[in-house]
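Novice: Quick one: the structure is below, and I'll ask about it shortly.
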C-alpha cells in the first residue's frame, strides 16, 4: 500500500507540473494583449526593456493580437496531439521512469524559454512559435507515461474512483498554473513562465529518484494476477462498448493481464522477465471502444481546453456586476472552474464504478454541460456570486467526463481482453484516445481567438454548446450497448428468481 501511495503521489506531482506550465500562458495573455484601457502598469514597471508605447508586448499588442495568441495555442496543441500518437508507442518500448524524466526536463526547458523572451526582449513571433512547437512535442510524453504507470499498479474494482481522485492533478495543476504566475506577475510576465519551468525540473528529480514503475520492480505481485485468479471463471467483455461487462459478482476480462503485467515490468520498467511483443497502432485502434471514446474526447477536450487557455482572459474582459476585474484577480477567479472540475472527476469516477456504465455517465455529464455553459454565458455577468456559481457548475460538468475518459476508460481499454495476453498497449491506447482529444484541444483555443475577435464571445459559447453536444452524441452507441447489457442482466435475474423459489423446498 505504501508503494501504491508513493506511485500515486509522484505521478500526481509530475502531471500537475505539466498542467501548471500549460495554464501559465493563459495568465500571460492579459498582459501580452491587454484590453482597451488597461495601462499594463505592472508590466511597465517591472522591466526597463518593455516597449510601452502601445501597452502589452509586441507583436501581440496589435489589432490581431488575440488571433496571434490563438495561433500560438494551436502550434502547441497541434504538435502535442501529433506527438501523442508517437510518444505513446515509444513509451511502451522504454523505461517509463526515464521516459517521464526526459519529458519533464525538456518541457520545463521550453516553458522557461517562453518566459526568457521577456528578459531577452524578444518580439519575433517565430521565436514564440518555435518554443510552442517543441514545448508541445515534449509535453506529449507526460500523459501516456503516468497512465501506464498507474495502470500497472491498479487493476479493476475501484479504478474509476481512484483515478477520478488521482486525476485531480489536472485541476490542481491548472490552479497552480493560475495562482503562482499571478503571484509573480508584478515582477514581470517572464517570471510567469520561468517559475513553472523550474518547478518541472525539480519534479523531474523526484520522479527519477522515487518513481516505481511496476510492482514487480520491488518484488510485489501484479494486481492483474490476483484479479485473473479470482475471475478465471468469469471471463468476458462487452464487445460493443469495449469495456468489461458487469454482472452480479463477475469480474471482467482480465485473465490475459497477468502476462501484460510481467511484460510491462520487463520492458517498461527495466525488470527481468519475458518480453512481450508490443501492440501496433492499428491493432490498438481496433480495440472495441477505443475509436468511439477517442472521437468523443475530441469534442470534450475542445471545450475543456478552451476554458483552460481563455477563461482568465474572458473574465478579465467581462464586466461583472458593473466592475472590471484585473488580470491577477481574473486568474485567481478562474481557478474555481478547476476546483469544481476536481469534484466532477471524482463523482464521475465513483458513478462509473457503481454502474459499470462509463459511457452513460460521460454522456449524462456532457448533456448537462450544455445548459450549464449557456447559463454561465447568459447570466455570469450579473454579479460576482452568480459568476462563481455558474462557473463552478460548468467546470463540474465539463471536466467530469474529460477526466473519466482520459483515465479509467483509457486504462480499461488498454488492458482489453482482445489483446490476448499482450497488454503492452496501455500507453499506446492512452495516447490514441488522448491524442485524438488533443486534436480537438488544438482546434478550440485558436478558433476562440478568431471567433471572439470577429464575432464576439456569444458565438464562442455557441461553438462550445455544439462541441459538448457532439461529444455526447459520439457515445450513443456505447450508451445503447450498456442499456442492452443492463436489460439482459435484469432479465436473467428475473428469470432466476422463480427457479430459486421452486428449488427452495427441496433443500429443506
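For all residues, glycine too, the Cβ spot is worked out from N, Cα and C.
TrEMBL labels come from automatic prediction, so no person has curated them.
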Novice: Which is it, of 26-50, 126-150, that TrEMBL names as transmembrane segment?
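Specialist: In TrEMBL, residues 126-150 carry the label transmembrane segment.
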Novice: Run the contact check on the transmembrane segment (330-351) against the transmembrane segment (388-411): 3 or more C-beta pairs under 8 Å, excluding pairs closer than 6 in sequence.
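Specialist: They do touch: at least three Cβ pairs between the two stretches lie under 8 Å.
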Novice: Please check if the transmembrane segment (126-150) comes into contact with the transmembrane segment (423-442), where contact means 3 or more CB pairs closer than 8 Å and the residues in each pair are separated by 6 or more positions.
Specialist: yes
Novice: Rank 99-120, 171-189, 284-310, 358-376 by Cβ pairs under 8 Å to the transmembrane segment (388-411) and hand me the top one.
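Specialist: Selected stretch: 358-376, with the most Cβ pairs under 8 Å.
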Novice: Could you pull out which residues elsewhere in the chain have a CB under 8 Å from any CB of the transmembrane segment (358-376), counting only those six or more residues past its ends?
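Specialist: Non-local partners: 160, 241, 243, 292-293, 296, 300, 303, 344, 348, 351-352, 387, 390-391, 393-394, 396-398, 400-401, 404-405, 408-409, 412, 461, 464-465, 468-469, 471-472, 475-476, 478-479, 481-483.
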Novice: In the same chain, who gets a Cβ under 8 Å from the transmembrane segment (284-310) while lying at least 6 residues past its ends?
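Specialist: The answer is 22-23, 25-26, 29, 73, 77, 174, 237-243, 337, 359, 362, 366, 369, 373, 394-395, 398-399, 401-402, 405-406, 409-410, 413, 416, 418-419, 425, 428-429, 432-441, 443-445, 448-449, 452, 460, 464, 467-468, 470-472, 474-475, 477-478.
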Novice: State the mean pLDDT for the domain 'Major facilitator superfamily (MFS) profile' (9-484).
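Specialist: Per the prediction, mean pLDDT sits at 81 for the domain 'Major facilitator superfamily (MFS) profile' (9-484).
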